[in-house]
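J.: One structure coming up, written as structure tokens, with questions to follow.
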Amino acid sequence: MYAFPTTRIAPRRKQPKCIKPPKCTSKYDIKFKDIAIYILERKMGASRRYFLMELARKKGFRVEPDLSEYVTHVVSEKNSGAEVLEWLQAKKAGSIPNVAILDISWFTDCMGAGQPVEIERKHRLTLQKICVCKSPSPVVPSRVGVSQYACQRKTTLDNKNTLFTDAFEILAENYEFRENERSCLSFRQAASVLKSLTFTIAGMADVDGLPGFGDHIRAVIEDLIEDGESSKVSEVLNDEVYRSLKLFTTIFGVGLRTAEKWHRLGIRTLEEIKSNENLKFSKMQIAGLQHYEDILGGVRKAEADAVAMVVRDAVWTFLPDAVVTLTGGFRRGNKTGHDVDMLITSPIQGKEKELLHKVINLWKKQDLLLCHTIHESTMDEDNLPSKSVNLLDHFQKCFAILKSNQHRGEISSCDGPHDSRERGKRIWKAIRVDLVFCPFEQYAFALLGWTGSRQFERDLRRYASHEKKMMIDNHALYDKTKRVFVKCESEEEIFGHLGLEYIDPVERNA
């Protein structure tokens, strides 16, 4: 028998959640009144969701900004049926009757047809029934041995805690905009830890013992567990500064400083940017505005493979023995991405230095190049690896926008709202491409660095410095104790010299 205290302890009063997501004020004629679409932001991001909502509305579809009893179709991208169902239940919406839970492919087909299409089996997300029976021997998830370093954790794309990591990434981005580096890193590190877990956080006890989970982070988790949403995240999403900076930085060539300047000038929309005659744009920003819809729509794996072949063909025209590798998120197994990262080298020393300008000139002749900027190499082979975890490397690079010559009917019609006249003429899509040229002896380090993820590389550098008295960047590995550079011909060798278990690229999604 428990002895209850005579003094009554008042429960903690939760902050009322009076902040609601902004309602869309756009007005379009609704042609198809029998369906109401809700687009799930989870794993998609606010900017892309807004773009898709507006695209559907322009085509006469009814799109609900919030989940309600009116919704007939829930559309999701890169989520499993179980993940969507879990999210709906967290929103107390699991009992909405007759709602169709669909993959983005159904939405894509509708946009292409200009009308609702029949739901086929391929469109439906598979839902697993959740057993509510009590287990006599519940399995307690283990948090023992979760390293503070992402390079000691295996992190696949099977993120079981997206409710929390999505919230953390919004907060981290807001802190980045506010230049609060410490809080930004704290939330990104916490998100990275949760992505590596093999179980879903169900209670506060599940985060006990996890590295880097302070009071601020735990408070957000507690809100999400209890209510399925966070007042802090809602505040950020409704903050005018955040929304402006988020929108402006989605434009290719626009950094934080430019975004802040535009916001101070009272600019809030893309239309205001385009119509402001007093603004001066770089050539990259002009291209970013011209091809905004294509670039915001992202790149699919098939498109990345097609672009990679274009790059290989161009490089091999001048140097047949060159090594040309698709890196970045696609090497980590992602099906979509923001751009295409290509790493290029040659076993013949110095030959890679001659390639870039030849490739650029070839693409100009082929009318494939929409825009580009070149950063020449600033490399000094005698320099030690950088101590900074943020500093970019010194390789020769080209940041470009290429035409991907594929029929737009084969590309998701979600990639941009083009009118029928433009669709009739254009058979290409604008895709961002980053080319990086490195010496062959540095290829292993460059491959490791450009594969990512960003948090994985950050923690790899921290681990090398703090635990092994070594320094590593995209160029080299240096042993501070022996005062020597450590030669490595592969990623496996780099992991070995650092005393780390080798982690496959598809497990580096920290």
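Heads up, the Cβ atoms here are built off N, Cα and C, so glycines get one too.
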J.: Between 44-48, 89-93, 254-258, 499-503, I'd like to know which one Swiss-Prot lists as region 'Involved in DNA binding'.
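T.: In Swiss-Prot, the region 'Involved in DNA binding' feature sits at 254-258.
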J.: Select one of ASP227, ASP239, ASP434: the residue that Swiss-Prot places in the Mg(2+) site alongside ASP339, ASP341.
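T.: Within the candidate list, Swiss-Prot flags ASP434.
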J.: According to Swiss-Prot, which stretch among 11-17, 228-234, 403-409 corresponds to the feature motif 'Nuclear localization signal'?
T.: 11-17
J.: Which sequence positions outside the region 'Involved in DNA binding' (254-258), separated from its termini by at least 6 residues, show Cβ-Cβ distances below 8 Å to it?
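T.: Distal contacts: 176-177, 245, 248, 285, 288.
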J.: Quick check: in three-state DSSP terms, what is ARG331 (2'-deoxyribonucleoside 5'-triphosphate binding site)?
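T.: Its secondary structure by DSSP: helix.
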J.: In whole Å, note down how far the CA of ASP341 (Mg(2+) binding site) lies from the CA of GLY333 (2'-deoxyribonucleoside 5'-triphosphate binding site).
T.: 14
J.: Here are some binding-site residues: ASP341, ASP434. Which one has the most Cβ atoms within 10 Å of its Cβ?
T.: ASP341
J.: Mean pLDDT for the domain 'BRCT' (27-124), as a whole number?
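T.: For the domain 'BRCT' (27-124), the model's average pLDDT rounds to 85.
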J.: Fewest other CB within 10 angstroms, which one of the binding-site residues GLY329, GLY333, GLY449?
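T.: Ranked by other Cβ atoms within 10 Å, the binding-site residues GLY329, GLY333, GLY449 bottom out at GLY333.
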